[in-house]
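Pulled from TrEMBL:
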- 96-119: transmembrane segment (TRANSMEM)
- 96-490: domain 'Major facilitator superfamily (MFS) profile' (DOMAIN)
- 139-156: transmembrane segment (TRANSMEM)
- 168-186: transmembrane segment (TRANSMEM)
- 198-219: transmembrane segment (TRANSMEM)
- 226-244: transmembrane segment (TRANSMEM)
- 256-280: transmembrane segment (TRANSMEM)
- 301-323: transmembrane segment (TRANSMEM)
- 335-356: transmembrane segment (TRANSMEM)
- 368-387: transmembrane segment (TRANSMEM)
- 393-411: transmembrane segment (TRANSMEM)
- 423-445: transmembrane segment (TRANSMEM)
- 457-480: transmembrane segment (TRANSMEM)
């Protein structure tokens with residue numbers, strides 16, 4: 001038996017079911033009440049019912065079930081927890097979890113900070129070690145390989161899970177640092193593909209998935225704040241590492257710059273590995289390992305449309321970041337100034353994720369994604385072509401940087417809204433793999449530049465902006481298909 005104090009519209013009190021109709025019944029498995037449909041004869045209507053009391057099998061009588069108010073939504077979880085497991089009632093929602101969030105900040109500082117400033121590294125290679133030995137498209141391919149490996153090797157995490165988070169993170173940090181250090185010994189472009197592309201990319205993927213899976217174990221209502229602290233490391237990493245790398249190259253040369261950055265990455269990675277701590281439920285080791293990928297989700301038309309929209313728009317993300325140093329050099333802006341521009345773009349990226357993510361909860365995540373991606377595309381097409389001085393390039397870095405990384409803030413919750421709570425894990429796994437396609441953006445832009453008369457950048461700028469806007473248009477089509485309205489909150 002159950003009852004409900006304040007039924008919502010279209011809901012019914014369970015204790016009144018039998019009074020309404022002798023044909024009504026309660027489906028305990030799905031928390032649904034079956035009642036006759038007055039509009040359609042000979043059919044039953046399923047009505048949602050919320051339990052507030054349950055029968056105590058041991059002592060008899062009804063026991064009140066107290067509701068727990070939280071801020072958890074479909075977008076906040078990777079796997080739905082077992083509501084009957086007492087372990088989940090003791091989640092600290094803080095405590096040592098804040099240390100884990102700081103660990104995430106440090107990891108993202110090194111990992112995404114190094115990845116996002118590949119343009120600074122490639123420009124240094126193009127003017128020193130690999131001068132006249134590697135084309136722009138070949139150098140941009142290194143950064144693309146890094147991004148592809150970071151996404152493609154995410155399924156390694158479930159395979160390495162039995163080792164534990166700490167050994168897994170140590171392995172990933174070692175591979176990541178080794179990739180950076182070995183890149184300093186590169187004398188041919190294929191050396192970079194193997195070191196900073198493949199080796200660093202695999203290590204970064206292992207480390208990234210480790211920290212992403214651990215932070216949610218410590219939080220419930222403050223999970224968004226913790227993830228925000230962690231992801232902010234990527235922006236501040238780019239802000240700090242970009243001018244640091246330019247200064248080190250100028251003073252000590254490119255090889256020693258890589259060794260210094262690699263040793264720093266190893267030290268931070270080991271520190272983070274020592275501080276990481278998991279909080280897993282009893283018996284998790286004995287749970288069967290399931291594949292994180294379910295290809296059956298690709299039968300969901302809405303999900304496929306969403307993948308096309310977000311991945312196409314993400315293709316334009318890396319192009320300005322990778323091209324800024326080379327573009328600045330072509331217009332007489334010094335290497336130090338160009339590295340400052342890249343750093344500011346990365347910092348604004350981190351700030352934008354937090355600010356836009358906050359407002360997205362109020363106006364709709366897909367709405368914010370469309371507006372931000374469209375704005376980033378317009379900045380590439382309307383402002384970047386006219387930014388030829390340090391001041392105008394800095395303005396472009398601020399405006400573009402604020403909105404360019406919206407994918408990383410909103411794509412996961414949008415995925416959750418499209419596929420539903422039961423398919424979040426599988427949906428995100430497919431999303432990560434599909435996102436590897438976006439790594440082709442910089443090489444395609446390089447090919448466009450080589451085909452442009454005089455090697456100009458207008459084709460690069462138009463391509464970067466157009467993919468942002470085209471992806472946004474696809475997302476608008478998804479919204480119309482799912483809600484039927486252009487102005488709905490989604």
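Think of each number as a place in line: the chain as shown, counted from 1.
Glycine is no exception: its Cβ is also placed from the backbone N, Cα and C atoms.
Model, not experiment: these values are computed from the prediction.
Counting C-beta pairs under 8 angstroms (sequence separation of 6 or more), the transmembrane segment (139-156) fails to reach the transmembrane segment (168-186), with fewer than 3 such pairs. The stretch from 96-119, 168-186, 226-244, 301-323 with the most CB pairs below 8 A to the transmembrane segment (335-356) is 226-244. Of the Cβ pairs linking the transmembrane segment (301-323) with the transmembrane segment (198-219) and spaced 6 or more residues apart, fewer than 3 are under 8 Å, so the two regions do not touch.
Sequence-remote contacts of a segment are chain residues at least 6 beyond its ends whose Cβ falls under 8 Å from one of its Cβ atoms, and for the transmembrane segment (198-219) they are 76-78, 91-97, 100-101, 103-104, 107-108, 111, 114-115, 145-154, 156-157, 160, 165, 168-169, 171-180, 182-183, 225-227, 230, 269, 272, 276-280.
Ranked by number of Cβ pairs under 8 Å to the transmembrane segment (96-119), the listed stretches 168-186, 226-244, 368-387 are led by 226-244. For the domain 'Major facilitator superfamily (MFS) profile' (96-490), the model gives a mean pLDDT of 88.
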